[in-house]
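S.K.: Sequence annotations record features per position, and here TrEMBL assigns transmembrane segment to C:21-38, C:44-65, C:72-90, C:96-118, C:125-145, C:177-193, C:257-286, C:298-322.
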C-alpha cells in the first residue's frame, strides 16, 4: 500500500463522512435533536437508490432524486410523530423513538428488499482514473464534488439570509423564536426533512463503494458521531474539517494497521476527544 | 375607557396549572392609542396573563376564554400566528437572541415585517444607542440596551398591540424612566396601543392612562390613573414594593 | 391517653399482620408462578426460561432509564459481556457456574465503569451517543477478534454446574434451567425493590428530576450516575451469563439492536418505575414473538412500532393509559 494512494483514499473517505454526517449536524445545531435512526436512514437511502436504478431502470441521477424524496418522507414522518416531544425538548424519549424508527426501518427494508446483499453499480463507479499515481473512480470524484457543493451552499445559507437566521434563532431559543413570528413546528419539520434528504443523498453517492445489506448503517452512525463531536456540535465548517480528518485517519489506519478495526479506532478517537476536552462540547454554534 | 372598539380584548380568560387557578379575568380591554398598566406584586398572575394573551408558555397551562385582536378571535391561533397579526410581546428581561448581532436581531424581525412595521431609521431615531452597537451580539449588550433592542425588534415586526412584560426589571432607575418615556412617546406620537405589565408601580403610574391592579390572578381594582393614584390599594401595592 | 396508646398498639399489630399476609400472598404467587411453567413444560417452559432471562436483562436497563432518567444504549454490551465471559470461562478454563457468574458480573461492571468514567462529565445526549457507539464498536470487535471467537462465536458451552460442596446440581436443558432462571429473576426483583428504597436510589431519582437542586444539595450527580450504571450493568450481565448456558452458544448476534429495542420497550411499555413493569413488558413482547409471530421482519416492525407509539402517544405506558381511561370514566 503506498502512502499517496491512502491519502487520496482518505480525502475521498473524508468527504463521504462529512456528507453522511451533515444532516445530523444541522439537526443537532438547529433543533437540538439527535437521530439514532440515522444509520438505518442511510441504509434505506442506499436501497431506494438501488431499487430505482437497478429495478425500475431509472437513470442514476433520477434514482438519487427518488432516494432523496424517500428520505424527506421518512424524515417528515419521524418528526411529525415526535412533534410534541420535540416542543417539550424531551430528549430521552426522542432518542429512544429514533432508535425505534431505526429498528422499524430495518425490518421494513428486509421485508421489501430481501436479505440478499446488493451491489449498486452506478455508471461513474465503473470509470477508473489515475491521478498522480493514485487510482480513483469517477464516483469518488463525484462524492468529493457534491460534498464540497453541499457544504458551501449550507455555509452560505447559514451565514446570511432569512433561512439561516431563522434556523439560528430556533437553535438559540425556540420559545423566543415563536415571539418573533416563527412557526417553530415548520422549522423542526424542515430540519428533519433536510436530515432525511441529506443522508439519502449521501447514501446514494457513497453506498456504491461497498455492497449494501439491510444490516448496514452502524458504521455510518459512528462516523457521524465522531464528525459531529470532533467538529463542534452543530458547526458546519467544523463538520467538514472533522470529516476530512477522520477520513484520513481511517484510511491510514485501515491501510497500515488493520482494516477490521477502523470503527474501533474511530471510537478511540471519539473517546480521547471526550476525555481530553469535555468542555469543547458545550460550545454550540447556531449552525455556523 | 375608550369608547371605540378595543384593539386587544380578553374575555373570561382563565388559566390553570394542574388544579391551580392562576388567572381568572372576566374582561380586559386595550383601546387604540391607549397605554394600560397592569400592576401587581410578584406572583399576582401578571406573566400568566401576558402568556395567555399570546398563547405562549414554557409550562403546560390550561387556558380557556377568548382573546380578540381588532375584533378577530385569535384564541385558537398558535403564538406565531398571533405575532404575525400584530400582537407582540416583549418578554421579561428584554429577551433578545444572544448569539445574533444587533443587525441580525433586527433583520430577523424585518424578515417577517408587516405593513405596520417601523423603518430602521425610525427605530434608530428612538434608540440611537443601538446604532452604535450594530455588530455586537445580543449577549454583549447591557441590560438597558437589551431592553431597547427587544422593543426595537417588536417595532420592526409591526405592532398592532404591544405587550411589555416587566421592562423595568434589572434596569437602573434612570434607565427605567427613559425606557418608559420612550414607550409613552410611541403611544402619543404613533398611536401605538400598549399593555404595560409592571411590578414597579411607582414608575408605571407616571406614564400609563389606565391602571389594572391584579392580585392572586384576579382584578382587585381598575380605572383611570388619576382616580387610581390615591386608591389605598394602589398605595398598598407601592408600600409592598418598597418593603421588598 | 391509654386508650390512644392501645389503639396505636392495635394499629401496629394490624399492620404487622397485614405485612405477614402480604409476605404469605407473595410467596404463594411466587410458588404458583414457579410451578405453572414447570408443570406445563414444553414450549411454555422454554418461553418462560427465556422470559426470565430477558426480564432480568431489562431490569438492568430499567435502573438507568427509569430511575436515573438517562438512556444507556450499551446494555447490549453488558448482556453480551456476561454471556461471553461465562462461555469463555466455562469452555476454556473449565470453570463451574458460580465462578463464571462472578466472571460475568465483573466483566459487565468493568465495562460499565469504563464507559461511565469517560462520560462522567458529559451531559444529555452525549452519554447516549457514547454508549451507542460503544455497542456498535463492541459488536465490530466481537466479529473480528479471534480471541472472542470471531464471527463463529463460542460453541459448546457445557451444562450449568452449580454444585455446592456435596450438593450436586447441573442444568443442561430448559426444565433444569428453570429453577435457576426463576431464582435469578426473584433475586433481581429483590435487588431492584431494595435499590429504590436505598440512599443511592433516592439520589438517582433526585439527580434525574432536578439535577440543579441535587447539585446544590451537595449531591455529585456524575458520581451517582456512575454508581447506578455500574450497579445496573451486572444485572444485565447476569442475564447474559444464564443466556450463554441456555443457548449453549455465544456469538456476535448478541449485540443485535433487537436486544436493545426489546429492553427499552419492556421498560416503557407498561409504565416506568413499576417493580413488575419490565417483567410484564418482556412477557408481552415474548408472548407476541413466540405465540403470535408474523415472521422476524414484521415482528421487528411491531416491536419498534410499539416503542414509538408508547413514547409518542402514551408516555405513561399501558398503566398510564389505563389510569387516564378510568379517570375519564369516573
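Cβ coordinates are placed from backbone N, Cα and C, and glycine is handled just like the others.
TrEMBL labels come from automatic prediction, so no person has curated them.
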S.K.: Go through the chain and flag residues at least 6 beyond the ends of the transmembrane segment (C:72-90) whose CB is under 8 A from any CB in it; none is fine as an answer.
M.R.: 57, 60-61, 64-65, 99-101, 103-108, 111-112, 115, 127-128, 131-132, 134-135, 138, 142, 148, 154, 157-158, 229, 232-234, 236-241, 243-245, 249-250, 254-257, 259-260, 263
S.K.: Restricting to the same chain and to residues at least six past its boundaries, which positions have a Cβ under 8 Å from a Cβ of the transmembrane segment (C:298-322)?
M.R.: 258, 261-262, 264-265, 268-272, 274, 277, 285, 288-289
S.K.: Looking at the stretches C:125-145, C:177-193, C:257-286, which one shares the most CB pairs under 8 Å with the transmembrane segment (C:21-38)?
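M.R.: Ranked by Cβ pairs under 8 Å, first place goes to C:177-193.
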S.K.: Which stretch from C:96-118, C:125-145, C:257-286 shares the most C-beta pairs under 8 Å with the transmembrane segment (C:177-193)?
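M.R.: It is C:257-286, which has the most Cβ pairs under 8 Å.
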